[in-house]
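Under the heading region 'Disordered', TrEMBL lists 488-510. Per TrEMBL, the feature transmembrane segment maps to 21-40, 52-74, 81-99, 105-126, 138-159, 214-235, 300-328, 340-358, 370-389, 395-417, 429-451, 457-480.
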Amino acid sequence: MWWDERVSARFRRNLQPTLTYWSVFFSFGLCIAFLGPTLLDLRCQTQSSLSQITWVFFSQQFCLLLGSCLGGVFKRTLSQSLFALFASSLAISLVFAIIPLCHNVVVLAVVMAVAGLAMGCIDTISNMQLVKIYQKDSAIFLQALHFFVGFGALLSPLIADPFLSDTNCILSNSTANASSNLPHIRKSLVPHHPGNLSHYDLPMKGMVVTRVSYAFWIMALINLPVPIAVFFLLYKERMVPCFNSSSRPLLSADELAMETRPTEKDDLSAAVQRPHAAGGHDDLFSCCQSKNFRGASYTYFAVHITGALVLFMTDGIVGEYSGFIYSYAVEEPLSVVHKVAGYLPSLFWGFITLGRLISIPVSYRMKPATMVFINVVGVLITFLLLLIFSYSVVFLFVGTASLGLFLSSTFPSMLAYTEDILQYKGCATTVLVTGAGIGEMVLQLLVGSIIHDQGSYSFLVCGMIFGGLAFTFYAFLLFFHRMYPKPSSDMDDASPNKPAVMDDTGQYQR
């Protein structure tokens, strides 16, 4: 095996929870990517306008951000975390089953808001639990986790495609004229920017003819094994209520390691545990309480902030590039035909998924800090070349694939790197997940407005600026890492972060 026996042994000890968290992230990916291609059929189902239906995007994304902020609330015990994951994954299956029954756009927006909350909880809790289990070995498992979200995001549009309407799905006198624009409108749908489609006129009244319901029911069935897997993990850990057994609070990494050390070091263990009894991984609101700031150095805050800003930029690039690359390609100077331009978002997401798969073995051999450096430099260089060769359709496809590869592993690598700096005692997971979610929503709105005012060329200029800012913030993070206080030698001897100790104690934390 391409990893050593120590990591392999830890993986075997934690096989069921690890596979469960990976499967839950598959639910996340399945739910995040279906809305774009099915939105026109959902418009017919709800008999709403294009501007009205595209606000469903915002409903989902805003509540995803809210769920990410609140996800840390369920961190105090393993039972709380698993019950939250069970409820969230089950809610996603129920959302898929209920969507075909939503014939009002407001009801659909509420249902998608529930899905967004569930996705946000999954995002925070799954990342947090894997970091708690594997700590310094978490990078490789985080890369695999984010591969599964990419796999789900690729699968759901493929499931939906056979059931999408080839012509307008509301039959009326204007159907023939409207249907000729349908493929272009479908590929032009941009999340969180509903105003960009207001000039298209599609019928809102008439007989609804759509088969998209079958796609949602299929996705509901595909997702159903995920909450079942979480339930089995609850059952294995004796946390199902009928067993009437209460779960203990999650042990911090320090407590877990110290409990298994020889008895003659108990006094030292107690001394080490006390300062960290209120260790991190809180929800965003708990992280902001003043009691958590006492005695913390400025570099503690700087690491959190700069790490979140890097992901604000890189996840924002993912959102704005996938949302606007089609619109950029079909306009001058490239003027790519609609059918060919439609492959660009799929190419982008395909290489993101491929990059995450490649990053699984690479992350074992390469430090997270090095991977993030390669990612941000690669993004910056790719945008520079896209600007230089802005008249080349071939390089647009090459650059799209390259950008997907460089962006693919940024989030898990940054999460592993930042948690490592903070010695797994900060609020990095919650802060980084929240920062990434805000960036994806805000930068897409910003770029949509700029393109509307300045033209399509500003799309690449914005990407270049965001890439430059990501590199700048990463340089600041490296600086603050060097300034961050190192643990004393005495603490190092008793630290659970040392590989030798973690080799003996890496277990599933109850």
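We count from 1, first residue shown onward.
Glycine residues also receive a Cβ, built from the backbone N, Cα and C atoms like all the rest.
Against the transmembrane segment (370-389), stretch 457-480 shows more Cβ pairs under 8 Å than any other of 21-40, 300-328, 457-480. Only residues 6 or more beyond the boundaries of the transmembrane segment (340-358), in the same chain, are considered here, and those with a CB under 8 A from a CB of the stretch are 33, 143, 146-147, 150-151, 153-154, 157, 183, 187, 318, 321-322, 325-326, 329-330, 396-397, 400-409, 412.
Under 8 Å from some Cβ of the transmembrane segment (81-99) lie the Cβ atoms of residues 20-21, 24, 27, 30-31, 42, 71, 74-75, 108, 111-112, 114-115, 117-119, 121-122, 125-126, 128-129, 213, 216-217, 219-220, 223-224, 226-227, 230-231, 233-234, 237, 239, 250, all in the same chain and six or more residues away from its ends. By the Cβ criterion (under 8 Å, sequence separation of 6 or more), the transmembrane segment (214-235) is in contact with the transmembrane segment (138-159), since 3+ such pairs are found. Sequence-distant contacts of the transmembrane segment (395-417), counting only residues of its own chain at least 6 positions beyond either end whose CB sits under 8 Å from a CB of the stretch, comprise 127, 131, 138-139, 142-143, 145-146, 150, 307, 310-311, 314-315, 317-318, 321, 325, 329, 334, 336, 343-344, 347-356, 358-359, 362-363, 367-369, 371-372, 374-376, 378-379, 382-383, 385-386, 389, 428-429, 432, 436.
Counted over residue pairs separated by six or more positions, the transmembrane segment (105-126) shares fewer than 3 Cβ pairs under 8 angstroms with the transmembrane segment (300-328), which leaves the two as not touching. Using a Cβ-Cβ cut-off under 8 Å and counting only residues 6 or more beyond its ends in the same chain, the transmembrane segment (457-480) has close neighbours at 299, 302-303, 306-307, 309-310, 313-314, 316-317, 320-321, 324-325, 327-328, 369, 372-373, 376-377, 379-380, 382-384, 386-387, 390, 418, 443, 446-447, 450-451.
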